[in-house]
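Q: Pasting a structure here, questions to come.
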Amino acid sequence: MITQLGLTLVVGLTLCLVHVQALLQVPEFPFSVLWNVPSARCKTRFGVHLPLDALGIIANHGQRFHGQNITIFYKNQFGLYPYFGPRGTAHNGGIPQAVSLDHHLAQAAHQILHNLGSSFAGLAVLDWEEWYPLWAGNWGTHRQVYQAASWAWAQQMFPDLNPQEQLHKAQTGFEQAARALMEHTLRLGQMLRPHGLWGFYRYPVCGNGWHNMASNYTGHCHPAIITRNTQLRWLWAASSALFPSIYLPPRLPPAYHQTFVRHRLEEAFRVALTGHAHPLPVLAYVRLTHRSSGRFLSLDDLMQTIGVSAALGAAGVVLWGDLSVSSSEEECWRLHDYLVGTLGPYVINVTKAATACSHQRCHGHGRCSWKDPGQMEAFLHLQPDDNLGAWKSFRCRCYLGWSGPTCLEPKP
């Protein structure tokens, strides 16, 4: 059972979250829950107040979608991201090889300086999903257009080469340009707003989706995708945070939710060390509603997403929702009731438990994480009697500057 925490705990946690910018700059906060939902109009248009602060959920001022704590840049809102529209229309040249990197960076710099304050210290999430930076990852009808367009580009640029050589030019040209676009964009963001946490939404990918595999579903990431993630060393080295998606697939049976989420996060932890002396923070994206039905996540769903993220030692989660959750007064009240009755109490419980475990087991110098990732019943939860417990199922992931089994040893 998850205890419904009282007013004292709510007020105490709220006081901890007053200076949210400072909180995001300091990794020594065990687990953060951020709000990336366009809910501002619930208050401004319909008069429905969503008490996010009191529930321990970090939001932008006025609950705006873009702000000082989290900003997400979509494909058509940032720089000159090249892609093909649903009708085959090429935007910004369509493929990375066709766009001017200098022009892209100039426009991106203007947008960063305009949209993010000079003291920005939140999450800066780039949502570029149309193509994958490695050639082999662009399969399926939606992404094969990038291979075809790249081959056409190579035929035009290198007409004297034979088809095999042109195909090689298409592949290398695509991958080099894609890398330059993504890598330089991250470097630019970190140069202009160095206190922000910059990364790409959905990366690293895992490829463990549900394909009606029934009893042989393991949740493991696809071996080919693990290999590609290893090849993307440059992307992890250029990032300052990782934002994998743990959206629950519509047809995935609930019995497999935990293993689905666990393997996605474990792959993120694996690449988080690449090119860095200390692991990158991992903040997983959680969708508030089920895509197929629009239903809010149940308490069990929250345990298998937010709860598993906390128990594995993630830095936090980002809650995402679309405009439908604030489309009317009725929908806003539905969101309000869900926040107050289900989501909020669970967030308070997990963040309080993560802090307690950090202090009791890791001397406040690390995050608690499962000793055995397969230990499916152990969660960072406070019990109804408020017994914080010994957290025997958890080990420590030490913060920068600390080491040892309980993070008690200073590390230069």
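Start at 1 and count along the chain as shown; that gives each residue its number.
Any Cβ shown, glycine's included, is placed from N, Cα and C.
Owing to the predicted nature of the structure, the values given are computational and were not obtained by experimental measurement.
Quick paste from Swiss-Prot:
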- 1-22: signal peptide (SIGNAL)
- Cys42-Cys332: disulfide bond (DISULFID)
- Asn69: N-linked glycosylation site (CARBOHYD)
- Glu129: active site, proton donor (ACT_SITE)
- Cys206-Cys221: disulfide bond (DISULFID)
- Asn216: N-linked glycosylation site (CARBOHYD)
- 353-408: domain 'EGF-like' (DOMAIN)
- Cys357-Cys368: disulfide bond (DISULFID)
- Cys362-Cys396: disulfide bond (DISULFID)
- Cys398-Cys407: disulfide bond (DISULFID)
Q: Do any residues at least six apart in sequence from Cys398 (disulfide bond), in the same chain, have a Cβ closer than 8 Å to its Cβ, and if so which, in order?
A: Cys362, His365, Gly366, Gly404, Cys407, Lys411
Q: Compare the Cα of Glu129 (active site, proton donor) against each of the recorded positions Cys42, Asn69, Cys206, Asn216, Cys357 and report the nearest.
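A: Among Cys42, Asn69, Cys206, Asn216, Cys357, Cys206.
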Q: With DSSP helix as H/G/I and strand as E/B, how many residues of the domain 'EGF-like' (353-408) fall in helix, strand and coil?
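A: Helix, strand and coil residues of the domain 'EGF-like' (353-408) number 10 helix, 12 strand, 34 coil.
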Q: Please report the number of other Cβ atoms within 10 Å of the Cβ of Asn216 (N-linked glycosylation site).
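A: The Cβ of Asn216 (N-linked glycosylation site) has 5 Cβ neighbours within 10 Å.
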Q: Identify which of the disulfide-bonded residues Cys206, Cys221, Cys357, Cys407 has its Cβ surrounded by the largest number of other Cβ atoms within 10 Å, counting every protein chain shown.
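A: Of Cys206, Cys221, Cys357, Cys407, the one with the most crowded Cβ is Cys357.
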Q: Provide the three-state secondary structure of Cys42 (disulfide bond) computed with DSSP.
A: helix
Q: Out of Asn69, Cys206, Asn216, Cys357, point to the one nearest Cys332 (disulfide bond) in space (Cα versus Cα); all of them are recorded positions in the record.
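A: Sorting the recorded positions by distance from Cys332 (disulfide bond), the top entry is Asn69.
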Q: Would you list, in sequence order, the recorded positions among Cys42, Asn69, Cys206, Asn216, Cys221, Cys396 whose CA lies within 10 Å of the CA of Cys368 (disulfide bond)?
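A: Among Cys42, Asn69, Cys206, Asn216, Cys221, Cys396, the ones whose Cα sits within 10 Å of that of Cys368 (disulfide bond) are Cys396.
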Q: Starting from Cys357 (disulfide bond), work out which of the recorded positions listed here (Cys206, Asn216, Cys221, Cys396) have their Cα within 10 Å, and give them in sequence order.
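A: Within 10 Å of Cys357 (disulfide bond): Cys396.
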Q: CB neighbours of Cys396 (disulfide bond) within 10 A?
A: 25
Q: Give the distance between the Cα atoms of Asn216 (N-linked glycosylation site) and Cys206 (disulfide bond), rounded to the nearest whole Å.
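A: Here the two Cα atoms lie 17 Å apart.
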Q: Taking the Cβ of Cys42 (disulfide bond) as the reference point, list residues of the same chain whose Cβ is under 8 angstroms away and which are at least six residues distant in sequence.
A: Val48, His49, Leu50, Gln63, Ser326, Cys332, Leu335, His336
Q: Round to the nearest Å and give the CA-to-CA distance linking Cys396 (disulfide bond) with Cys221 (disulfide bond).
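A: Approximately 25 Å lies between the Cα of Cys396 (disulfide bond) and that of Cys221 (disulfide bond).
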